[in-house]
Amino acid sequence: MGLNLRKNHPLLKIINNSLIDLPTPSNISAWWNFGSLLGLCLIMQIITGLLLAMHYTADTSLAFASVAHMCRDVQFGWLIRNLHANGASFFFICIYLHIGRGFYYGSYLNKETWNIGVILLLTLMATAFVGYVLPWGQMSFWGATVITNLFSAIPYIGQTLVEWLWGGFSVDNPTLTRFFAFHFLLPFVIAGLTLVHLTFLHETGSNNPLGIPSDCDKIPFHPYYSIKDLLGFALMLIPLITLALFSPNLLGDPENFTPANPLATPPHIKPEWYFLFAYAILRSIPNKLGGVLALAASVLVLFLIPLLHVSKQRSMTFRPLSQILFWTLVADLLILTWVGSQPVEHPFIIIGQLASFAYFAIILILFPVVSALENKILKL
C-alpha cells in the first residue's frame, strides 16, 4: 500500500475526514450551504477585525477619532471597516437561515449539535453587541447603557452586577476597554465551539430534506459539495461586497456618526436590525424584570425545541399543517423585527405584544399540538 498522506497524516486525516472524504447525503439542498457560509463569515470577520484592531484605540477620548482616522488615512481602511460592519449583518442572516433550516427539517434531533449551535448563537450575539459599542458613537454608548442596565433587573445582586460590569457608576472608559477585550476574545471562542459543533455533527452525519436515514446513499463531500459550497460563497460575497461598496451605511444608524455624549439621549434608542425581534419582545412587557426574562426566553427557547418534538416524522417535508405554522412563525419574527424599529406608541405597542405572545405560543404550544394532530390524521 502506497503512503497516502491525506489519509494517514495525523493532522491531514482530520481535515480529510471533515472536508474531503466525508460521507454526505446525496440529496441535501442549498439550505445545507449555510454552515460553510457561517465558517466563511467567521474567517472573514476575524481577518478584517484583526486589521481594524491594529488601528483602533480603546479609549473614550480616542475611539471615535481612531475609527474616523482608519476610514480616512489607512490604506483601504474604509473598505475593511465596511466589510467588517456589513459582514456582521450577513453573519446573522446566515445563522438565522441556518437555524430555520434546522427547525424545518428536524435537524435539532441531533441534540448535542443543536445545543452547541444555540450556545454559538448566544456567543455571536454577545460578540456583536460588544463590537457595536467600540466606535463610541451615540447609538454605541446609549445601546450599551440600555442593554447593560437590564442586568440591574436581577433581584438582589442586580445593581452590584451592573456596576461590576461597567467598572464604575456608568458606561465609561473601563467599560469600553473591557468590551474591546471581549470583542477580541469571543470570535476565537466561537471558532473553538464551531469545531465542537462539527465534531458532534460528524458523529451522526448530516440530516437531509426527507428526514430519513441516508447511509445507503452517501457521496463524498469533495468534489460534489465543495463545488456547491463555492457557488454559495460567490452568492453571498457578491451582495456583501456590493453593500460594502455602494451603500455601506444602509443598515447602520445615523446617530452613530455623532460622538458619544452622556448628556444627550437620542430620540429613538434601538439596536442593529438583527436584534430588533428580541428588542421588540423585551419592550412588549411593561415590567423591567419580566421584559428581561422574556428577552432571555426568546433565544433560550431554542434549547427546548428537541424536547417539544412529538411528531413521528423528523422533517416538515410531508407535514403541511406544521409548514403553515412554520411560515407563520417566520412572518411573526419579521413583524417583531419591524415593530422593534418603531417608536413605543400606539399601535406598535399592541402589535408588539400580540406578536410576542404569538412567538411563544407557536413554538411552545401550537407546534406540539399540531404535530400530535398530524400523527393522528396520518394514523402514525
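Count begins at 1; order follows the chain as displayed.
Note: Cβ is positioned from N, Cα and C throughout, glycine not excepted.
Database features (Swiss-Prot):
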BINDING   His84, His183  heme b b562 binding site
BINDING   His98, His197  heme b b566 binding site
BINDING   His202  ubiquinone binding site
TRANSMEM  34-54  transmembrane segment
TRANSMEM  78-99  transmembrane segment
TRANSMEM  114-134  transmembrane segment
TRANSMEM  179-199  transmembrane segment
TRANSMEM  227-247  transmembrane segment
TRANSMEM  289-309  transmembrane segment
TRANSMEM  321-341  transmembrane segment
TRANSMEM  348-368  transmembrane segment
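Feature map: Swiss-Prot annotations on the structure.
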residue: His84; record: heme b b562 binding site; CB count, 10 Å: 20
residue: His98; record: heme b b566 binding site; CB count, 10 Å: 21
residue: His183; record: heme b b562 binding site; CB count, 10 Å: 22
residue: His197; record: heme b b566 binding site; CB count, 10 Å: 21
residue: His202; record: ubiquinone binding site; CB count, 10 Å: 14
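In this structure the alpha carbons, written CA, of His84 (heme b b562 binding site) and His98 (heme b b566 binding site) are 21 Å apart. Between the alpha carbons (Cα) of His98 (heme b b566 binding site) and His183 (heme b b562 binding site) lies a span of roughly 23 Å. Packing against the transmembrane segment (348-368) from elsewhere in the chain are residues 280-281, 283-285, 294, 297-298, 301, 304-305, 308, 310, 322, 325, 328-329, 332-333, 335-336, 339-340, 342: each is 6 or more residues past its ends and has a CB under 8 Å from a CB in it. Between the transmembrane segment (289-309) and the transmembrane segment (34-54), the number of CB pairs under 8 angstroms, six or more residues apart, is fewer than three, so the stretches are not in contact. Among 114-134, 179-199, 227-247, 321-341, 179-199 has the largest number of CB pairs under 8 A with the transmembrane segment (34-54). Rounded to the nearest whole angstrom, the C-alpha distance between His197 (heme b b566 binding site) and His183 (heme b b562 binding site) is 21. Tertiary proximity for the transmembrane segment (114-134) is limited to same-chain residues at least six positions away from its ends with a CB under 8 Å from its CB atoms, namely 56, 58, 63, 67, 88, 91-92, 95, 98-99, 102, 107-108, 140-141, 143-144, 147, 175-176, 179-180, 182-183, 186-187, 189-190, 193-194, 196-197, 200, 271-272, 274-275, 299-300, 302-303, 305-306. In this structure, the CA atom of the residue listed as 'ubiquinone binding site' is 29 Å away from the CA atom of His183 (heme b b562 binding site).
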